[in-house]
């Protein structure tokens, strides 16, 4: 028994989990802290945080396909190590720059009329954005490629590994911000910068070693399929449609190994062709994504990002305006992590009982049913929704009546450090229940309670559905295109996420939040309708027939190969 325990702790699977845990812990600490640092630096205004969020979303949206293409064209170890070093080095450099700004902010303000300080802000946002792009590359290569190779042909093992990765994500989402928040609360922002820089330096060294060990223990990681040309891909799809058997493994399409190719002389490429290459890659990536048999499933997942019904700064800021304290919100976030972990457990159980595609259907129905509570909450006592108030009243007042830009009130910085919940709805962390004389305690909590009950319960279906689509992409995208297809999927996710922030910017007042809730529920419904259409095409008349599939074959997880029908 001791030998089996030691074997597990030294296996490639466990080392992959350990590396992912270290990586996500550092990621979550940084993503939480950088927003707070920018708020603290810019006179307690949300301007820099908003600019940072916009730059990050826009960069992944535009460069997602290019990052994925780079992942596809290079060896697995090179991609993983390069993205790891770039990501952690960028965070360390950012931390050092932020420490310098915190120490010498007064002096920097006086130099060159404050332009040097502005340059520092631009530098921080640029480097932080590079770190995020490198993090995207890491996520694509480890979570969408390495994990498939380590799992081999065993789909049940792949499902279990995906679920474990998500459980790690759920725990670090809660614990990492709490840890760094406490450090900044009882220490200072500068100490927080130093801690995060030190953590990333240590983590980078350990993760680098873990990647090397996983690579050594999994010889198949050294072999990577070559990029398949469009004409060859069309022929392969025809072959897959006519010859594919349900019991074939994860790799459903016959691929060419890089080692099988003779080295070819590189053709001379002109300057114009080099300039056009990124644009052609961008176009080809989106076309390839559209032609995937799992296109509708991926789009369904992306539509779930167009929502305010999550534990981001939007919904938590709204909750604070309705009288919920920071401690209560922290407990609610903890509850959402628990239900998210339950979602990963439900995924593995449902997949064994009903198959992968049906698991997505059941998860979608469960999520939407829970979100009905959120829609009902809009019309319950305590809801500030007022259709007589224009959703654009707040923004038009600022544009045409020269009202000052929103700022975060400075008396309670520990509230931000402890929970990371500045209110983006009205730009202030002071409660705003419509009536300035009304205290938070006097607001009925029925509406906000139903809202969060629905959001928390829906996490079970949400994470189960997320895992379903993730595994569908892993199993049905050919190895040579995993990077670019998942890069475009990330771009789609960011696009819908960006639209949800634009929606909030256009209607930021609490009276309009009810409308945002109803729009969010509608987009979730549309996402699941797309998935239903995908499932209908894949399973046909067997759609609602639940059975226990062969754990390694899982025939119902393989959609038809004719991409022209999607």
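Placement of Cβ uses the backbone N, Cα and C atoms for every residue, glycine included.
If you look up TrEMBL, you'll see 45-71, 83-104, 110-134, 294-320, 326-349, 361-380, 443-462, 483-506, 512-532 marked as transmembrane segment.
The transmembrane segment (443-462) is in contact with the transmembrane segment (361-380), judged by 3+ CB-CB distances under 8 Å for residue pairs 6 or more apart in sequence. Between the transmembrane segment (361-380) and the listed ranges 110-134, 294-320, 483-506, 512-532, the one holding the most Cβ pairs under 8 Å is 512-532.
As a quick check, the transmembrane segment (45-71) and the transmembrane segment (110-134) clear the bar of 3 or more Cβ pairs under 8 A, pairs 6 or more apart, so the two touch.
In this chain, the transmembrane segment (294-320) lies apart from the transmembrane segment (110-134): fewer than three C-beta pairs between them fall below 8 angstroms, excluding pairs fewer than 6 positions apart.
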